[in-house]
């Protein structure tokens, strides 16, 4: 080992420091660790987020809550409840034309995906799931219309009930379209807004058609 | 081959490839729809309106709208016609939309494919560069269906001769635009080919119109019952 005797650590390379891992202040994540909280808190937080978005849909202002913190719980709940309410209508014979549960589901989700693809292809800056989130949440007015229609149909199914249902469905259809346009149109280039709004109009028109033509057995 | 500053051909698997088919503005779409129902002898739809920028937005959404319009107007006219009949029970017949959509999308997909293939095949090597691209053919066909959308809505009026008149006018206008569009490349081949091509285009277009009207709407004066007649076991709704 004679050669090693010449090796020495140069004086100007500092060899100092701590070997221990600093256990300093707790990282910020640990303060928000959601693993220890009660289950009720977790569920309530998500429910409150969904509820807040419902309020945003009913009173569409320029707020980014729907876009920034998108979730798909609300659309799922709305879709399932709408599909359930559309059951039990002239469904005794299988090919009598009323929408089945799976048909409503497929129409809503497939329609939302097609509209999202359309707006992205036209050059929109919104992300895929944000757009699905907005379209799903804006089904809320139509779900309310379905509820009202079912209540009206309990009272009778003559011409007056039809006129009431027509007015309610048309109003809610307009509300849905306006709400989703308010959220989605900003992310499009300005000379293509109508191209994006038209498929949304068609989508809610189909859903409104299904609601209006619901006839209980 | 120089592309003259146009967009680069992108790979089939990227999203931008498909975005290049949606590169239209609202104004352009409206212009193209107007151009597809006004047959002016000098103005070839593909050269004049598309100008090397074919899009898929128009054909896709016009076909979807047409499928909806045909199914809905058929459903409604059936209702209007049969409302007083005691055995009639209203049903929205949502699956008619699927049938209509399949028919229309197949028409806009397969007929341009056949036409484009035929024109490609018949193009002699010395002729000026080429007939239209496949996308332009699909685009021309898709936009030409826009004439059928208002006629589908007008078929709600339960007056038989008016329905046939509306059908004839719509079919004539849009078939004329198609004929003007496809005359030049077919003419480059020979008179006989040109006449055959134009005759086929016009007759298929008219057949589609009739095919949309007859099963869905009240056919032939309302005496023929459509195949989806619900079986009369329900009492009349009060």
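Even glycines carry a Cβ here, placed using N, Cα and C.
Per TrEMBL, the feature domain 'Yip1' maps to A:59-210.
Per TrEMBL, the feature transmembrane segment maps to A:70-89 (among others).
Taken from TrEMBL, the feature transmembrane segment covers A:101-122 (among others). For the transmembrane segment (A:101-122), the residues of the chain that approach it from at least six positions outside its boundaries are 75, 79-80, 82-84, 86-87, 128, 131-132, 135-136, 139, 184, 187-189, 192, 195-196, 199-200, 203, 206-207, 210, judged by C-beta separation under 8 angstroms.
The transmembrane segment annotation in TrEMBL covers A:134-156 (among others).
Away from its own ends, the transmembrane segment (A:162-184) comes close to residues 57-58, 60, 62, 66-67, 119, 124, 126, 131, 134-135, 138-142, 144-145, 148-149, 152-153, 196-197, 200-201, 204-205, 207-208, 211-212 of its chain (Cβ-Cβ under 8 Å, at least six residues beyond either end). According to TrEMBL, the transmembrane segment annotation covers A:162-184 (among others).
For A:196-215 (among others), the entry in TrEMBL reads transmembrane segment.
Within its own chain, the transmembrane segment (A:196-215) is flanked in space by residues 82, 86, 89-90, 98-99, 104, 107-108, 111-112, 114-115, 118-119, 122, 124, 135, 138-139, 142, 145-146, 149-150, 153, 157, 165-166, 169-170, 172-173, 176-177, 180-181, 184-185, 188, which lie at least six positions past its ends and keep a Cβ under 8 Å from the stretch. Averaged across the domain 'Yip1' (A:59-210), pLDDT in this predicted model comes to 84.
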